[in-house]
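Colleague: Have a look at the structure that comes next, please.
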Amino acid sequence: MMKVLVVVALLVTLISYSSSEGIDDLEADELLSLMANEQTRKECIPKHHECTSNKHGCCRGSFFKYRCQCTTVVTQDGEQTERCFCGTPPHHKAAELVVGFGKKIFG
């Protein structure tokens, strides 16, 4: 039963990864958009860096693109501001854990 769960989780992860790759391929149909995409990859926001002003500019991790995660911060004056950072969502962390575990088991 445990092997079946690991295989199913691995398949779901691989399908998610391949679909995210397919979306990236669709965005780069023309040469100009491909060149612009390469330029944005060089200028993307790394993990754990602030993305408040550019919420779609996070870099790509080993399997998935990082997501801009926001939180509301209350200053000492009582003023609320939104602060965002690039990070890995929990379900992506779980998928990466399953893939890493699968690599250790199956080599």
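Glycine is no exception: its Cβ is also placed from the backbone N, Cα and C atoms.
Take a look at what Swiss-Prot says about it:
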type	residues	note
DISULFID	Cys44-Cys59	disulfide bond
DISULFID	Cys51-Cys68	disulfide bond
DISULFID	Cys58-Cys86	disulfide bond
DISULFID	Cys70-Cys84	disulfide bond
SIGNAL	1-20	signal peptide
Colleague: For Cys59 (disulfide bond), name the DSSP secondary structure in the helix/strand/coil scheme.
Modeller: coil
Colleague: Take the C-alpha atoms of Cys68 (disulfide bond) and Cys84 (disulfide bond) and report the distance between them in angstrom, rounded.
Modeller: 6
Colleague: Measuring Cα to Cα, how far is Cys58 (disulfide bond) from Cys51 (disulfide bond) in Å?
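Modeller: Pair distance, Cα basis, whole Å: 7 Å.
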Colleague: Of Cys59, Cys70, the disulfide-bonded residues given in the record, which has the fewest other CB atoms within 10 A of its CB?
Modeller: Cys70
Colleague: Measure from the CA atom of Cys84 (disulfide bond) to the CA atom of Cys51 (disulfide bond) and give the result in Å, rounded to a whole number.
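Modeller: Cys51 (disulfide bond) to Cys84 (disulfide bond), Cα-Cα distance: 5 Å.
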Colleague: Does anything in the same chain, at least 6 positions from Cys86 (disulfide bond), have a Cβ under 8 Å from its Cβ, and if so what?
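Modeller: Long-range Cβ contacts: Ile45, Pro46, Lys47, His48, His49, Cys51, Cys58, Cys59, Tyr66, Arg67, Cys68, Gln69.
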